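Working notes, beginning with the structure itself.
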Amino acid sequence: MIYYWIDMIGTFMFAISGALAAWDKKMYHDIFGVSFTAFVTAIGGGTLRDVILGIHPIVWVKDQSYIIAIACGVLVTVLFRRYLLRYRRSLFLFDTIGIGFYTILGVQKSLAFGVNPWAAVIMGMMSAIFGGVIRDTLVNEIPLIFSRQIYATACLAGATLYILLGYTGIDPNINTIIGIILIISIRLFSLRKGWSLPYLEKARK
Amino acid sequence: MIYYWIDMIGTFMFAISGALAAWDKKMYHDIFGVSFTAFVTAIGGGTLRDVILGIHPIVWVKDQSYIIAIACGVLVTVLFRRYLLRYRRSLFLFDTIGIGFYTILGVQKSLAFGVNPWAAVIMGMMSAIFGGVIRDTLVNEIPLIFSRQIYATACLAGATLYILLGYTGIDPNINTIIGIILIISIRLFSLRKGWSLPYLEKARK
Amino acid sequence: MIYYWIDMIGTFMFAISGALAAWDKKMYHDIFGVSFTAFVTAIGGGTLRDVILGIHPIVWVKDQSYIIAIACGVLVTVLFRRYLLRYRRSLFLFDTIGIGFYTILGVQKSLAFGVNPWAAVIMGMMSAIFGGVIRDTLVNEIPLIFSRQIYATACLAGATLYILLGYTGIDPNINTIIGIILIISIRLFSLRKGWSLPYLEKARK
């Protein structure tokens, strides 16, 4: 039950981040473009995850609530766009909350399907970032995962901690919350502090 | 049986539209480039649809007729390219007929798999436009769905009408034809009249 | 058993080619970018193949050895990058060996799943080139399949020969080796000789 709500909140957050990104670009300004970008951003990661794991039917195909959550995200964006866009960081905040929830959900779903722990960490990260990669590609931005910021690495860290704490027999709900908070914290702190991963020296040819 | 031929005609039309698009660009001018673009355009939408719905084996993997239909599309393009290319609108016409057929086919397949009606409309639209999105991306055009024209919206309208008429107990074959005609008509009329969706006001920051 | 090692060697080779490509571009120079590109290059083609064929669980999700093979590829690249990068052709060589192994493996897997021979040839080619297409897209190169070189066509030739020889009742292991050697040879010779496919005359409009 808690997983269901995590999924709904993540879907809603990603839909807002997609709608805002599309709206912020003149090019995709019509109603279809904004809704389409919100939809693909929201379901992209989960669809990739379920297709790779072979989970059918894919959730949004069976359960109308996902489409309703996305419609709510689009509606909220339309109604409160001025407030949301006033602060440059809003897109970033909704995306951050989205990846936090989706990473842990992806790890949980993967483990429930008997995936090996390494692959579960990767699947958690992939399901969290893939929607955003599509969103950024659609609006012609360089995907966040290839910026110099700590982004996907935060997902990997949270997913790894979730797997490791899982071996200690911790209560799964508490473990879920810890993982989500870790991802959001790493992302927020690294951006504020300007952290980035060490760069590899370019080999001289 | 009628669905089978709808699928064949859609595949053939999309293959022509893909081959023409590749041929029209110098860059992809060799035999492989033209055939590859035709193939990916023709099977892209149906493959996405079947992968998301979890329908296996995917039709072109089991049934050789799809590959033969694509080969025919490439052959027709090679033989009659001068006639096809003489009119700028030919690419557009084959694409329009293709999306009409594929949208309704996608809705039918989705409903047959127990998909909810909202998702069936979206799946119908996605299966119709995805091949074209790949085609336009391959030849470095902005995908039609992001142009200011009425494109994906026509698919959504036709798919919605098909679902609604389905509740009235109409004969499925007649419903199919009505849906296809609606999509093609909206697309043709909107282009001739220069219709576009209302644009959302860009929020001042 | 031999197929398992073919898969491991192909995965390792593709990981090196992905890591080198990412490293060679300043933009993806951090540890995450190099590892991510190596990972996606290595698993891209096999994942596409298994998702289209409906083979679940996908190998790298179940079997940790794939992730270990990729990690080894990244490690080898980090340790020996100067030697690997000194020769411009190194990326090309690892990619060539990779597509040779992956094409035949893709054909074998497809046939084992009852795919028709035409589709098996296409699936073999697709599974071999798709990882490279993602790699080249990630580092902003024009994908090799769209260059004027003989690339995907070599895969198609090797896959076709493998299918045809299969009808003669040849020993499968020998057939596998012949197919791989044919693909690598066509690619190497065509590049050295500057061969390309005949170009289609651009239709005058």
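Each Cβ is built from the backbone N, Cα and C atoms, and glycine gets one as well.
What TrEMBL annotates here:
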- A:4-81: domain 'Glycine transporter' (DOMAIN)
- A:93-165: domain 'Glycine transporter' (DOMAIN)
- A:6-23: transmembrane segment (TRANSMEM)
- A:35-59: transmembrane segment (TRANSMEM)
- A:65-84: transmembrane segment (TRANSMEM)
- A:91-112: transmembrane segment (TRANSMEM)
- A:118-138: transmembrane segment (TRANSMEM)
- A:150-170: transmembrane segment (TRANSMEM)
- A:176-195: transmembrane segment (TRANSMEM)
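Residue counts for the domain 'Glycine transporter' (A:4-81) under DSSP, split into helix (H, G, I), strand (E, B) and coil, are 68 helix, 1 strand, 9 coil. In the domain 'Glycine transporter' (A:93-165), helix, strand and coil residues by DSSP number 59 helix, 0 strand, 14 coil. In this chain, the transmembrane segment (A:91-112) lies in contact with the transmembrane segment (A:6-23); the count of Cβ pairs under 8 Å, excluding pairs fewer than 6 apart in sequence, is at least 3.
Long-range neighbours of the transmembrane segment (A:176-195) within the same chain, counting only residues 6 or more positions beyond its ends whose Cβ lies under 8 Å from a Cβ of the stretch, are 2, 6, 92, 96-97, 99-101, 103-104, 107-108, 149-151, 153-155, 157-159, 161-162, 165.
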